[in-house]
């Protein structure tokens with residue numbers, strides 16, 4: 001094995017655990033040391049040395065400097081994108097302008113993440129686990145944003161010198177992430193048992209009834225009871241506070257007739273101390289492209305049920321949209337809860353990438369929802385996400401992105417693709433070994449959709465393929481039907497990422513779960529309970545607090 005390959009494999013092994021477990025400390029971390037010593041664990045040590053001053057310092061001073069330089073580069077890149085849009089905005093193709101607009105949007109998010117991270121790092125050397133996880137998540141997302149921008153520009157042949165800046169900016173953000181993860185992220189002391197069979201709020205739930213324990217004013221309660229035609233149960237201390245409620249009813253008898261109008265009415269930049277802004281969307285087919293922008297925080301959206309409240313669109317790459325902007329529903333606002341809603345992209349199997357939901361909303365939760373499309377159905381783009389008792393239908397790479405995401409007790413339905421295509425349930429997009437990202441499929445069911453089950457031609461179906469170099473996906477305690485290829489996983493192209501990815505299975509059931517004939521890649525593993533517990537809600541998402549406050553049921557550890 002070459003020295004470079006050995007180094008990459010070592011990085012992959014070190015990064016096979018979620019962020020709190022990869023904080024192997026640099027010797028004498030609080031003492032002055034050389035850039036060469038500090039940069040040993042950066043993805044690109046030579047680049048790291050080139051951006052740090054050639055004088056002794058500790059990891060905190062180097063980390064703060066790197067974050068300040070990252071912030072400066074992000075500001076510069078926004079100016080470059082603005083100039084490019086001014087130059088091309090009226091003459092370039094729709095897809096080119098779309099890619100540039102995506103980059104501008106992503107760059108603004110990156111500015112937010114870097115500013116918050118820099119302010120936190122400047123204020124202290126010691127962070128709580130949850131605060132360290134916040135910053136680790138923001139820096140991971142900044143790198144994801146750069147990668148998404150670059151992909152969009154490449155796909156529309158509109159790089160024009162921007163790709164070099166993006167490449168260097170991404171490397172600088174990688175230095176900031178590496179130094180932060182080694183300096184500020186504390187070692188986690190796992191105090192909870194591996195086995196945690198009881199779900200929070202279990203007494204409120206039967207399977208798939210989509211009810212939340214809500215607490216609201218008498219006026220809001222009266223509105224809720226009227227629109228749902230059922231009486232809201234009296235709440236207790238565990239109930240989720242609702243600050244206000246508006247209704248969306250297509251016949252005009254509610255507050256709004258469109259979902260976007262209701263979202264616009266939500267307060268801006270709320271801290272959630274007064275509860276969630278509840279949008280109740282009654283049954284109907286809503287043909288609109290819904291967006292929850294980043295300033296709309298603590299929004300709760302409840303529908304009348306799967307296949308009752310349906311949001312639908314048909315944008316696709318073939319029709320000139322970027323993958324990033326093809327989504328029927330776009331979520332950027334943090335602390336969002338979605339319940340009892342179907343989101344569809346009906347572009348079809350011949351239109352290429354066509355997203356149903358794109359989520360970049362931090363600490364977002366979807367419960368008892370359905371996402372239906374073909375290629376690239378569920379774009380778990382970035383930050384932290386949780387899906388419980390949801391259905392996902394798709395074909396090629398139909399759960400993809402680079403969030404830290406757990407899908408728990410969900411139904412995943414590969415469907416019939418265009419002839420000649422294969423199905424991949426996941427295509428995880430981790431590009432940096434220090435990112436705290438990955439996809440965990442926990443306690444789910446994977447079986448063919450009806451059209452695939454009755455297909456008149458053979459379709460190969462896999463658990464996933466590595467979209468990016470450090471792709472990370474774990475399938476555990478999941479039922480896998482017999483239609484899965486025995487090899488389990490598919491390559492992206494040749495031997496790309498086969499040594500640096502982390503794919504793992506643990507204690508799955510069903511005729512497709514036999515690992516005897518699985519791939520023999522260096523990055524593939526059959527893991528034990530201790531390793532699997534690293535990818536649970538409690539350990540991977542640090543989720544007991546933020547998911548617990550939503551009222552959505554979850555299992556924090558492995559299922560007994």
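From the backbone N, Cα and C atoms, a Cβ is placed for every residue, glycine too.
353 is the only one of 353, 421, 435 that Swiss-Prot places in the substrate site (with 323, 465, 467).
Swiss-Prot tags one of the stretches 217-241, 417-441 as region 'Disordered', and that stretch is 417-441. For the region 'Disordered' (417-441), same-chain residues at least 6 beyond its ends with a Cβ under 8 Å from one of its own Cβ atoms are 11-12, 14-15, 18-19, 22, 43, 133, 136-137, 140, 143-144, 147, 170, 174, 177-178, 181, 349-350, 374-375, 380, 382, 394-407, 410, 452, 457, 459-476, 478, 490, 492, 500, 502, 535-536, 540. Taking only the Cα positions, the spacing between residue 255 (N-linked glycosylation site) and residue 397 (active site, nucleophile) is 38 angstrom. There are 16 other CB atoms within 10 A of the CB of residue 255 (N-linked glycosylation site), with all protein chains counted. Secondary structure by DSSP for the region 'Disordered' (417-441): 0 helix, 10 strand, 15 coil. Among the recorded positions 323, 340, 353, 375, 397, the residue whose Cα lies closest in space to that of residue 251 (N-linked glycosylation site) is 340.
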